[in-house]
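Pulled from TrEMBL, these are the features on record:
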DOMAIN    110-219  domain 'Amino acid transporter transmembrane'
DOMAIN    272-515  domain 'Amino acid transporter transmembrane'
REGION    1-28  region 'Disordered'
TRANSMEM  108-128  transmembrane segment
TRANSMEM  135-157  transmembrane segment
TRANSMEM  187-207  transmembrane segment
TRANSMEM  272-297  transmembrane segment
TRANSMEM  317-339  transmembrane segment
TRANSMEM  351-374  transmembrane segment
TRANSMEM  397-417  transmembrane segment
TRANSMEM  437-458  transmembrane segment
TRANSMEM  464-488  transmembrane segment
TRANSMEM  500-519  transmembrane segment
């Protein structure tokens with residue numbers, strides 16, 4: 001009698017439904033026909049179909065006392081979430097409404113949110129990366145790296161779905177790593193995530209120093225009517241310069257001085273124009289398009305041998321581009337959070353693919369146009385700088401606007417990156433985001449000091465990006481997503497040799513990408 005007096009269904013948490021748990025408090029309510037739902041119309045008794053469904057759920061509910069998970073009610077018995085109602089013995093049912101009131105974004109907003117998040121400082125190094133790999137090979141590598149990182153990001157997005165009998169609705173990728181690899185997975189994901197954040201902060205500091213210097217120089221020369229000239233540069237209105245003419249072939253020499261040309265005139269932009277977020281990227285695209293139209297294309301194909309003014313189409317320095325692209329396409333540590341806010345979850349894969357397509361096209365557009373339009377001769381393609389804005393004199397009005405806008409943008413984003421570093425590191429080490437003033441002060445000294453030292457002794461943002469990208473990408477892009485997918489397949493008995501070979505290749509590719517930064 002005690003068993004019969006138990007309620008058919010346990011308590012239901014709004015917005016969360018479970019189909020495969022042995023806990024009776026986590027069973028989903030069953031379905032009744034819409035005409036039996038409590039509403040404004042006359043209530044009717046439960047139909048024969050709903051009564052039969054009730055009996056089946058009741059039957060399976062009694063069987064789940066066994067430890068055999070095969071006796072859990074199958075999915076075809078349990079209705080979909082939009083058709084779930086709470087049954088009443090009086091013959092009526094109430095529809096269960098989700099309790100998550102967080103507003104959801106349409107697909108177009110989700111796509112551009114991912115695009116805007118990935119569009120960072122790497123876009124400034126795309127022409128340099130193509131120069132390091134060669135024009136033809138550079139284009140091929142951008143396409144292939146975009147596809148590989150997209151697939152790895154897809155594996156991260158699906159990683160929470162591969163965990164059975166656990167509610168992963170509020171999990172992030174570090175939680176998945178902890179589930180599969182324990183404490184090692186948790187700490188490794190944290191360390192490599194911090195590498196990407198601190199690397200971004202170092203790049204931001206180097207660029208802020210660069211932009212502040214050139215912006216100040218532009219203002220000083222304009223106010224005092226100073227007309228400077230440079231030794232290595234083109235003539236005409238749209239000047240292009242080679243700020244460090246004795247550039248090493250491997251691109252490792254640092255740009256510590258700038259030779260600026262005579263003042264050039266350009267349009268005056270309205271003061272209301274803002275340069276934060278997407279507008280900065282849009283303005284860069286406009287700047288690149290304008291310069292390409294004014295300069296024209298300068299291409300001469302030398303497949304394997306270099307010349308005085310051109311580089312080979314295929315160069316052995318291509319790992320430097322793959323390192324840059326690993327960070328350029330990196331969004332794996334936050335993609336689960338971004339996709340949770342998508343209104344139509346069934347379109348997550350499509351929207352993610354479209355976002356990667358936009359990012360790849362943007363990188364190709366900027367990199368190809370700047371490389372093709374770089375005036376060779378009289379300048380060599382090897383003069384293309386890790387920050388392509390350095391190839392334009394500080395007196396260029398359009399470039400001055402770009403530098404000023406990016407300076408303001410990075411000044412506002414830099415403290416946010418510092419906050420993320422503090423929250424992740426202090427939260428894991430001390431269980432508190434702000435353990436004390438001394439802890440935070442020491443952390444800030446370390447992070448800012450790293451940026452100051454790099455800006456002073458090694459201001460090559462291309463190399464900083466490729467090293468940090470290869471390090472964090474090793475774990476968060478290639479290794480961890482691939483291993484987690486193979487382990488989940490193996491536990492389900494579905495791992496086959498083609499999948500094992502392909503994902504093993506991704507692991508090897510991540511390791512090779514890292515070692516290539518030091519030996520190529």
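Every residue, even glycine, has its Cβ placed from backbone N, Cα and C.
Annotations in TrEMBL come from automatic prediction, not curation.
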Within-chain partners of the transmembrane segment (187-207) [C-beta distance under 8 Å, separation at least 6 from its ends]: 120-121, 124, 173-174, 177-178, 181, 327, 330, 333, 387, 406, 410, 413-414, 417-418, 420-421, 424-425, 428, 447-448, 450-452, 454-455, 459, 461, 464-465, 467-469, 471-472, 474-476, 480
In contact by Cβ distance (the transmembrane segment (108-128), the transmembrane segment (500-519); 3 or more pairs under 8 Å): no
Best-contacting stretch, by C-beta pairs under 8 Å, relative to the transmembrane segment (464-488) and drawn from 135-157, 317-339, 397-417: 317-339
Beyond the flanks of the transmembrane segment (351-374) by 6 or more, those residues with Cβ under 8 Å of it: 107, 110-112, 114-115, 118-119, 122-123, 126-127, 129-131, 135, 138-139, 142-143, 146, 149-150, 153-154, 157, 240, 281, 284-285, 288-289, 291-292, 295-299, 325, 328-329, 335, 339, 342, 381, 383-384, 388, 391
